[in-house]
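What follows is one structure encoded as C-alpha cells, with my remarks underneath.
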Amino acid sequence: MYPESTTGSPARLSLRQTGSPGMIYSTRYGSPKRQLQFYRNLGKSGLRVSCLGLGTWVTFGGQITDEMAEHLMTLAYDNGINLFDTAEVYAAGKAEVVLGNIIKKKGWRRSSLVITTKIFWGGKAETERGLSRKHIIEGLKASLERLQLEYVDVVFANRPDPNTPMEETVRAMTHVINQGMAMYWGTSRWSSMEIMEAYSVARQFNLIPPICEQAEYHMFQREKVEVQLPELFHKIGVGAMTWSPLACGIVSGKYDSGIPPYSRASLKGYQWLKDKILSEEGRRQQAKLKELQAIAERLGCTLPQLAIAWCLRNEGVSSVLLGASNAEQLMENIGAIQVLPKLSSSIVHEIDSILGNKPYSKKDYRS
C-alpha cells in the first residue's frame with residue numbers, strides 16, 4: 001500500500017530560488033501547508049515558471065468534462081502552479097477555448113499566469129498549417145481569440161517546418177512578440193541543429209531567438225534532454241520544458257496487467273500506444289518498472305511520483321508538464337516535489353542501473 005502522505009506537508013527544496021514562493025494546499029485535508037519555493041527560470045530568460053506545469057493535451061476539450069478541467073486547473077493554481085500549456089491543434093482548438101473560459105471565470109490576475117500555446121497545425125487548408133509568416137500570425141491571432149487573451153507568454157513552433165525558410169519563421173516570431181501577442185517564443189520537437197540555426201538567424205538579423213525547447217522526457221526517453229539540450233543551454237541559453245514524464249501513462253504502472261478501460265491506450269486514435277505497451281520492448285519496460293516500484297516504496301512514494309521527481313532532478317529542466325484526468329492523479333503528481341530531496345546520487349545510480357539506458361555525451365567519453 002502507498003502511504004497517505006502524498007499530499008502532506010512538503011519538504012523545502014534545495015533549488016536555486018529567489019522568486020515568490022508558491023503555497024502548497026492539500027484539498028484532501030483542507031488547510032494550507034508550509035510555503036514551498038519551486039520556481040525556476042525558463043532557460044536563461046528572466047521568466048519564472050513553476051517546476052511543474054499543467055498540460056491540456058488529450059484531456060481539456062476531450063477526455064474530461066469542462067467542470068473537471070476547471071477543478072484541475074484550480075487545484076494546480078492553488079498549489080502554486082503558474083504554467084498552463086496548450087496548442088491550437090489540441091481537440092481542434094477546443095482545449096484553448098476551455099482554458100480561456102476557466103481563466104475568465106476564475107478572475108485570476110493575468111500577470112500571475114504563464115500561458116503557452118503552440119502553432120503549426122491550425123486547419124485543413126494548405127495555408128492553415130506550418131510556420132510561414134502567414135500562419136504564425138493568423139494562427140496565433142485565432143488562438144488568442146479562443147483563449148480570450150491579449151497575449152500568451154510563450155508561443156511555440158510545434159514542430160520544424162522544412163517548407164518555410166528559417167529566417168521567415170524567426171522574423172514572424174519576432175513580429176508577434178513586437179506586436180504584443182507573445183512575450184517569448186520557443187520550439188517543440190526541434191533538433192539541436194534546427195534550434196541553433198534559429199539562434200544564428202536571430203543574431204545575424206538582430207531578431208529575437210527562442211528561449212526554450214519542449215521535449216519528451218521520461219525514464220525511457222533520455223538522449224535529447226540529457227545530452228543535446230544541456231549543450232544548447234550553456235551555449236545559447238535555451239531551456240527545456242518537458243512533457244510526458246509518465247510516457248503517456250506507461251511509467252505509472254497502470255499497464256502492468258494489460259490495457260485497463262478508460263485509460264489513454266484504450267482511447268480511439270491511440271492504437272500506437274496500445275501496440276507499444278503490448279510489444280516485446282513494452283514488456284521489458286514493465287519488468288523494469290516493477291524493480292523501480294521497490295525503490296518508490298522504500299522512499300515512501302508512488303511510482304509516478306518517483307518518475308516525475310526523477311525528471312525534475314535534471315538541472316537543465318525548467319518545468320515538467322503534467323497531464324491529469326482527475327484530482328487524485330494531479331495531487332499525486334504534485335506530491336513528486338516532496339520526493340525530489342530524497343533522490344540522492346546513490347538512488348539515481350540505482351535507477352540508472354535498472355533502466356540501463358543512460359546516454360553519454362562526448363565529454364563523458366573524453367573523461
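Backbone N, Cα and C atoms are what each Cβ position is placed from, and that goes for glycine too.
Cross-referencing Ser9, Ser244 with Swiss-Prot, the residue annotated as phosphoserine turns out to be Ser9.
With every protein chain in view, the residue among the recorded positions Lys124, Arg189 whose Cβ has the most Cβ partners within 10 Å turns out to be Arg189. Ranking the recorded positions Ser112, Ser325 by how many Cβ atoms sit within 10 Å of each one's Cβ puts Ser325 at the top.
Cα of Asn333 (NADP(+) binding site) to Cα of Lys124 (N6-acetyllysine): a distance of 36 Å.
In sequence order, the recorded positions near Thr56 (NADP(+) binding site) (Cα within 10 Å of its Cα) are Tyr90, drawn from Tyr90, Ser112, Lys124.
Taken residue by residue with DSSP, Ser325 (NADP(+) binding site) is part of neither helix nor strand, so it is coil.
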